[in-house]
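Copied over from Swiss-Prot, here are the features:
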- 11-17, 39-41, ARG304, 330-332, 412-414: GTP binding site (BINDING)
- ASP12, GLY39: Mg(2+) binding site (BINDING)
- ASP12, GLU13, GLY14, LYS15, ASN37, ALA38, GLY39, HIS40, THR127, ARG141, GLN223, THR238, ARG302: IMP binding site (BINDING)
- ASP12: active site, proton acceptor (ACT_SITE)
- HIS40: active site, proton donor (ACT_SITE)
- THR298, THR299, THR300, GLY301, ARG302, SER303, ARG304: substrate binding site (BINDING)
Amino acid sequence: MFTILTGSQFGDEGKGKIVDLLSKDYDLVVRFQGGDNAGHTVVVGDDVYKLHLIPSGFLLDSRVLIGPGTVLNPEVLAEEIDMLEKTGVEVSSDKLGIDAKTSIIMPYHVELDSLRESLRKEKIGTTKKGIGFAYVDKIARDEVRMSDLVDSEILMNRLTEMAASKEAAIRELGGDPSIVTDSELMDKYVKLGQRLAPYVTDVSYEINKAISEGKNVLAEGAQGTFLDVIHGTQKFVTSSSTIAGSACANLGVGPTKVDEVLGIVKAYITRVGEGPLPTELHDEAGAHLHDVGHEFGTTTGRSRRCGWFDLPLLKKAINLNGYTSVALTKLDVLSDLDVVKVCVAYDLNGERLDYPPEDTSLLSMCKPIYDELEGWSDDLTGVKRYEDIARAAHDYVEKLEGMMGVPIKYVSVGPGREQTFEK
């Protein structure tokens, strides 16, 4: 079975938690896009793991793979491996694989990203991790690949070839071009390549072989649907395609092999950084969602903007991803609100819209049209079965499912493994 899992909103929906829950049933868990600009949190008992590159299935028996559609900072990956091994989690080459075609984020990518953002009159909210510039080099066929990194001679030749153009680009943006040929940095990357060499594999081959043998494969997306480089809220997006279809293209798996597409949906909506968020709240309800939900970005630590559930956006996410089911997370955060609202449509200059406009500037002008539901005061964090949640919470979930037209398969009421149950 081949399952694709993506975030349906702007990221931070709780994908890592759901992947961790499902991983026990999957032989392979694979990351298919993004870089260390995305973060996922896995909570097991008192242990909290915050990772950016290693897929969420690392704590169970699954083999975890980093696919060629990702961009990889080898220093960050080495730090994650060290962190896990210090907590007693072995990260051997039997456990982790990295595709040979994976693009490497170099120090000059990070420098260029920071310089470009600092010069923008209107910030786009980049994490300044070098993600976009690494993808630019991939498209320009000017990248350093994982297969280059692990061969010191090829690596040095590639860096020598690109030095002049990278130095010129940094100089043009007012930076110090010496970072491109810094001998200490080059030595560091040579050593990183040597360390990571045992992990190199062919991810497409591994996945297709596993599927043909009747094994289960889970493709784990990063970020969220509306950060997609094509279909997201341009220009406030990431540099990769975050929707389900890109899993097949990036991993080299034919679309006829997909069995299930699972969307992760937060019971409200959040966004880190700039860009339109039609239901954004600046009142006590917004403060409640932010504080009770601990809404701070895993990667940046920035405060997340919070708003009510946005049905028009979710309708589009369902179309873009083809969800067969969804997991609803953070339902517990809505407890103790007198009223819970759902945005069912937008008002754009007097016109009712049931679906988001394509133009980002128009989306930012949309005013939400709400349905109001009764709130609840019950603490849901100890609930183990869907049948036992508060009546008003039950009504909220049923209303969302009815409006979405896609079955809610899982409901989450807290960060722990035991706080997610099937509906």
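Just so it is clear, glycine is given a Cβ too, placed from its N, Cα and C backbone atoms.
Of the candidate binding-site residues, ASP12, SER303, VAL413, the one lying closest to GLN223 (IMP binding site) when CA atoms are compared is ASP12. THR41 (GTP binding site) has ASP12 as its nearest neighbour among the binding-site residues ASP12, GLY301, ARG302, ARG304, going by CA to CA distance. Taking only the Cα positions, the spacing between LYS17 (GTP binding site) and ARG304 (substrate binding site) is 18 angstrom. Most buried of the binding-site residues THR41, THR127, SER303, judged by other Cβ atoms within 10 Å, is THR127. In sequence order, ALA267, LEU380, ILE389, ALA393, TYR396, VAL397, VAL411, SER412, VAL413 make up the list of same-chain residues 6 or more apart from LEU331 (GTP binding site) whose Cβ falls under 8 Å from its Cβ. A simple Cβ count within 10 Å picks out one of the binding-site residues GLY11, GLY301 as the most packed, and that one is GLY11. Proximity to ASP12 (Mg(2+) binding site), judged by a C-alpha distance within 10 Å, picks out ARG304 from the binding-site residues ASN37, GLY301, ARG302, SER303, ARG304. Across the fold, the C-alpha of GLY14 (GTP binding site) and the C-alpha of ARG304 (substrate binding site) stand 14 Å from each other.
A separation of roughly 14 Å, to the nearest angstrom, links the Cα atoms of ARG304 (substrate binding site) and THR127 (IMP binding site). ARG302 (IMP binding site) has a Cβ environment of 13 other Cβ atoms inside 10 Å. Using CA atoms as reference points, the binding-site residues GLY11, GLY301, SER303 were checked against THR127 (IMP binding site), and the closest is GLY301. Geometry remark: GLY301 (substrate binding site) versus ASN37 (IMP binding site), CA distance 12 Å.
Fewest Cβ neighbours within 10 Å among the binding-site residues LYS17, ARG304: this applies to ARG304. The CA atom of ARG302 (IMP binding site) is located 13 Å away from the CA atom of GLY11 (GTP binding site).
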